[in-house]
Amino acid sequence: MKLTIIGGGGFRVPQVYQAVAAQDAPVRLDEVALYDVDVGRLDVIHRIITELAQQLPHAPRLTVTTDLDEALTGADFIFAAVRIGGLRGRIGDERVALDLGVLGQETTGPGGLAYALRTVPVMTALAHRIAQLAPEAWTINFTNPAGIVTEAMRKVLGDKVVGICDTPIGLMRRTSAAVAAASGSPLETVQPGSFDYVGLNHLGWLRSVAVEGIDLLPTLLADDSLLDGIEEARLMGHDWVRALGALPNEYLYYYYFTREATAKIRAAEHTRGEFLQQEQSAFYAEVGHAGCGSLQTWLDVQHRRESSYMAESRPDGAAGARRMDDVQGGYQQVALDLMAAIANDRPATMILNIANDGLVPQLPDEAVIEVGCVVTAEGVKPWPIAPVTGHMLGLMASVKAVEQLTIEAALTRSSELAWKAFALHPLVDSIAVGRALLDGYRQVHPGLARALD
Ligand code: G6P
Ligand code: MN
């Protein structure tokens, strides 16, 4: 089997390789092909993986290419994890919004829409190439904003593209530990229907977790010591998760504490994008020049990245602090589990980004939502969930509407639709600011100015 990684020069790619090459990896690959447009970055990551592979007993053959067609040909699985516009693009997405007094964040709020506007056309073109050269392949999309990008790619690839994210997995990991502490038995997350998570990517809620048919979420929510082990509850307040009656995805922090998060990010010297650009450009330059020791450098930079995750927006003190358990990435695990379930036809339950198809009847069928799913060789199927109502439905519907406007704007090159999307985003408080966002993004992203009429 061949796995192709689009964005093979990306910083987190060695984590994926490490996962698929581990002794106990549930799936055996013959080849991992790294594709990237940037030869320098590709070379650095190639070097790190080569060092890693020396320690791994089942290291699949590694090939590296800047030829997309060569990369896609013969692929069984395609991981797409690219950052169109690079970290410079991310900085622009964050800064333009912050300078206008609204949230400036990679994926949430107007920054995410700007990111989507330049990413959707590229990923749509990639989807067409995949459809031509590897029509049987499964595409696993990590490219952010993952919900929007997956929805755009589905227009070409249908059910053969699935979006993934590590944040619901992190929430499930922490919740499972708390449930095990409360009940003495581990949460049977392998059972379809054993939990109810629903939302959009980076905007969802865990609404129940059942052990032997009994929902333990109310027990968990009532217990401060158990909630203390759950990062999301510390971040948004025990009282707030109790009031909600659910555990929110960590990105909901930006909706529930918009004012505080925006003020904190604006007051900081650097945005997350600026911090990462410094770190990453130093890393790629250093490893690009050095001959050996690249793996250790990568591990150090990776640790600094994970432990400072969301730091620019979190509250100071214990509530905002990360714990060692929280500092485990997880997206490579999601990707691996998904491949294994499909390749081995061993059913697995996971939280994935798939088409709504009536699951939340008030949302369009083609809307990509994030829900608990069973994965088999046949593909990905969600299980029935409780009705989504009230504020959850309202927020999902309004954010999904602006996501769909953004896709439409990108595909039809419509600046009017792009303005509409910015202006109607629930985190943008004026249509005039919506207009200013569009103008600002056109200025900092010349590609965007060219892409919209
Ligand atoms: C999580 C999210 C990703 C996001 C990343 C940002 O892993 O699930 O979608 O891209 O955080 O992390 P960073 O280190 O780039 O700020
Ligand atoms: Mn994510």
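Glycine residues also receive a Cβ, built from the backbone N, Cα and C atoms like all the rest.
Pulled from TrEMBL, these are the features on record:
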type	residues	note
ACT_SITE	D166	active site, proton donor
ACT_SITE	Y251	active site, proton acceptor
BINDING	R90, N144	substrate binding site
BINDING	C165, H202	Mn(2+) binding site
DOMAIN	197-428	domain 'Glycosyl hydrolase family 4 C-terminal'
SITE	E106	site 'Increases basicity of active site Tyr'
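Ligand 2 lies within reach of C165 from the recorded positions R90, E106, C165, Y251, judged by a C-beta closer than 6 angstroms to any of its atoms. Looking only at the domain 'Glycosyl hydrolase family 4 C-terminal' (197-428), the predicted model's pLDDT averages out at 93. In sequence order, the recorded positions near H202 (Mn(2+) binding site) (Cα within 10 Å of its Cα) are Y251, drawn from R90, E106, Y251. E106 (site 'Increases basicity of active site Tyr') sits 6 Å from R90 (substrate binding site), taking the Cα positions as reference.
Rounded to a whole value, the Cα-Cα separation of R90 (substrate binding site) and C165 (Mn(2+) binding site) is 18 Å. Between the C-alpha atoms of the residue listed as 'active site, proton donor' and Y251 (active site, proton acceptor), the distance comes to 12 Å.
Figure note: comparing Cβ neighbours within 10 Å for the recorded positions E106, D166, the maximum is reached by E106. By the rule that a residue counts when its Cβ sits under 6 Å from some atom of ligand 1, the recorded positions R90, H202, Y251 yield nothing.
Listed in sequence order, R83, E106, T107, G112, Y115, T119 are the same-chain residues six or more apart from N144 (substrate binding site) with CB atoms under 8 A from its CB. Separating the Cα atoms of the residue listed as 'active site, proton acceptor' and C165 (Mn(2+) binding site) is a whole-number distance of 12 Å.
R90 (substrate binding site) carries a helical DSSP state (H, G or I).
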